[in-house]
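Chemist: Input: one structure, supplied below.
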Ligand code: DSN
């Protein structure tokens, strides 16, 4: 009803949402952890399901009135099990960090040792980084990548694990451009008696779509957000194969860490998983990787220094040091030109995290818009033009940014983003 519409009730917020929609439509989204969800996922998110409390799990709740919610959550769980080939799924974690915290609560005591990839090497805060509760309340030990290859050295990981005897090992992270060797991590975890957690937040859509090996059968628990390459709402899931691990995880999520699940998000996760089970999604996942490889090749041909020399997945991490410019000013200039990335530390970075040497790029969003290899080559050229101009001269950079911004808007007008009107 018109009198209840957002525009009437709160025109200020309505206008801001419209402005953000316009911004998203006009921008080339290259943030590796973002995507565009479908109209169906958006529709499920904005529903009356937000009105309902459902502490507990399907069939065992602490509030009445769960006749419908139980069916929605059960459907989301079944779809997660089918898409990822797991025996158990918990679709309630509010997002990736709470999901990972639940793993600690399930398997560790405060002070126990956790091993994860260091944040500047591509790990996540919750893998035991010092500023995170996981680094303060547990004993973190870290692995990184080799300086010469930019890749994880599994011999080094094994050495650290044998020395430190962690109870929990995380593999996966937020800025890893290469395939994660789940079987090798599983062997190391088994050797030291650790629980292996695969954090596939970034690559979940690629795993679901068959474009990255699956951790199933190797990792004891799998953690993922649902909104990155998987293209669902802001949320998370935890998955396990064994009953024992699943029971520990379920108890940790509720009542260990969380209260009522966000039922509107659960429904949207179910919709996203329904979409992820299609052949169309498999094509998308394959294209995400092809696009990342094409963009990486273009950038390398233009003299950019890519960590590990390229990519196997959706993600590119570049060190801008050879271009004579920091990651932050580069990301800011690219954003002004309509190319949205984030500044990021690179392995062995000598600069601070708030002003690091690199930028991180991802191809999930552009692939969801239907862009392909030709567009990736164009985007690589634009990035080069903006960064090179910025490194040379501020005035010249202004002209280049204005020109590229116009060209970006022309390109985006031919590739409507899913979910946007
Ligand atoms: N913030 C996410 C990312 O951008 O990778 C990780 O939590």
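The first residue you see is number 1, and the count goes up from there.
Glycine is treated like the rest: Cβ placed from N, Cα and C.
Annotated domain 'Serine hydroxymethyltransferase-like' per TrEMBL: 7-383, in sequence order. Look at TrEMBL and you will find 119, 123, 124, 125, 244 tagged as (6S)-5,6,7,8-tetrahydrofolate binding site. Look at TrEMBL and you will find 227 tagged as site 'Plays an important role in substrate specificity'. Look at TrEMBL and you will find 228 tagged as N6-(pyridoxal phosphate)lysine.
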Chemist: Run through the Cβ atoms and count how many others sit within 10 Å of the one on residue 124 ((6S)-5,6,7,8-tetrahydrofolate binding site).
Modeler: 24
Chemist: Would you kindly give the Cα-Cα distance separating residue 228 (N6-(pyridoxal phosphate)lysine) and residue 244 ((6S)-5,6,7,8-tetrahydrofolate binding site), rounded to the nearest Å?
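Modeler: Taking the Cα atoms only, residue 244 ((6S)-5,6,7,8-tetrahydrofolate binding site) lies 28 Å from residue 228 (N6-(pyridoxal phosphate)lysine).
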Chemist: Whole-number answer please: how many Å between the C-alpha atoms of residue 123 ((6S)-5,6,7,8-tetrahydrofolate binding site) and residue 227 (site 'Plays an important role in substrate specificity')?
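Modeler: That comes out at 18 Å between the alpha carbons.
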Chemist: Near the Cβ of residue 244 ((6S)-5,6,7,8-tetrahydrofolate binding site), how many other Cβ atoms are there if near means within 10 Å?
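Modeler: Result for residue 244 ((6S)-5,6,7,8-tetrahydrofolate binding site): 10 neighbouring Cβ atoms inside 10 Å.
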Chemist: Any idea what DSSP makes of residue 125 ((6S)-5,6,7,8-tetrahydrofolate binding site), helix, strand or coil?
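Modeler: The residue in question, residue 125 ((6S)-5,6,7,8-tetrahydrofolate binding site), is helix (DSSP, three-state).
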Chemist: Roughly how many angstrom lie between the C-alpha atoms of residue 227 (site 'Plays an important role in substrate specificity') and residue 124 ((6S)-5,6,7,8-tetrahydrofolate binding site)?
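Modeler: Rounded to the nearest whole number, the Cα-Cα distance is 16 Å.
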Chemist: Tally every other Cβ atom lying within 10 Å of the Cβ atom of residue 119 ((6S)-5,6,7,8-tetrahydrofolate binding site).
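Modeler: A 10 Å sphere around the Cβ of residue 119 ((6S)-5,6,7,8-tetrahydrofolate binding site) contains 24 other Cβ atoms.
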Chemist: Out of 119, 124, 125, point to the one nearest the residue listed as 'N6-(pyridoxal phosphate)lysine' in space (Cα versus Cα); all of them are binding-site residues in the record.
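Modeler: Its closest listed neighbour, by Cα, is 124.
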Chemist: Taking the Cβ of residue 227 (site 'Plays an important role in substrate specificity') as centre, how many other Cβ atoms lie within 10 Å?
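Modeler: For residue 227 (site 'Plays an important role in substrate specificity'), the count of other Cβ atoms within 10 Å is 26.
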Chemist: Please state how far apart, in Å and to a whole number, the two most distant Cα atoms are among 119, 123, 124, 125, 244, the recorded (6S)-5,6,7,8-tetrahydrofolate-binding residues.
Modeler: 30
Chemist: For the recorded positions 123, 125, 228, which one has the sparsest Cβ surroundings, going by other Cβ atoms within 10 Å?
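Modeler: Counting other Cβ atoms within 10 Å of each of the recorded positions 123, 125, 228 gives the minimum at 125.
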